[in-house]
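Note sheet for the following structure.
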């Protein structure tokens with residue numbers, strides 16, 4: 001089946017982008033960024049979900065996996081990155097690839113933010129590049145999909 005969409009999943013406080021700590025996270029709200037991202041990739045359906053609740057994020061992971069149209073998940077788990085074994089376990093239990101992204105360079109932040117409990121469960125991590133971290137993750141998934149298509153076409 002041809003993948004129908006990518007899912008961007010944002011965790012706690014990311015609904016406040018543009019207002020919350022703009023020196024760290026920038027001044028652009030996520031809805032504006034998402035509109036620009038969708039313009040850059042008009043051939044790709046990009047779904048978006050944000051929640052401040054851990055269980056809701058976990059439910060979305062399982063929901064995406066149960067839909068054969070999902071190519072992969074771009075996940076910014078926010079502070080749950082550093083605290084949620086449940087989220088890490090959910091990522092490990094699904095077959096969809098997940099790319100962890102962060103707007104800020106978490107390695108250069110407070111000590112508690114330097115440890116990711118979800119990184120080892122994810123396909124990869126992109127951090128510190130502002131909202132472009134999401135763009136690079138989307139680009140990766142599309143590149144991965146196109147390469148798989150080319151491999152299937154030659155076999």
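Every residue gets a Cβ built from N, Cα and C, even glycine.
Long-range neighbours of residue 25 (active site, proton acceptor) (same chain, six or more residues apart, CB within less than 8 Å of its CB): 17, 18, 103, 104. Under DSSP, residue 25 (active site, proton acceptor) is assigned to a helix (H, G or I) in the three-state scheme. As annotated by TrEMBL, active site, proton acceptor applies to 25.
Positions annotated as active site, proton donor by TrEMBL: 102. With a 10 A radius on its CB, residue 102 (active site, proton donor) counts 24 other CB atoms from all the protein chains.
Annotation source TrEMBL lists substrate binding site at 76, 82, 89, 103, 104, 113. Here the Cβ of residue 76 (substrate binding site) has 25 other Cβ atoms within 10 Å, regardless of which shown protein chain they belong to.
Remark: residue 20 (site 'Transition state stabilizer') has 13 as non-local neighbours, by Cβ distance under 8 Å and separation of at least 6 in sequence. The site 'Transition state stabilizer' annotation in TrEMBL covers 20.
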Those binding-site residues listed as 82, 89, 103, 104, 113, and which of them has the most Cβ atoms within 10 Å of its own Cβ: 103
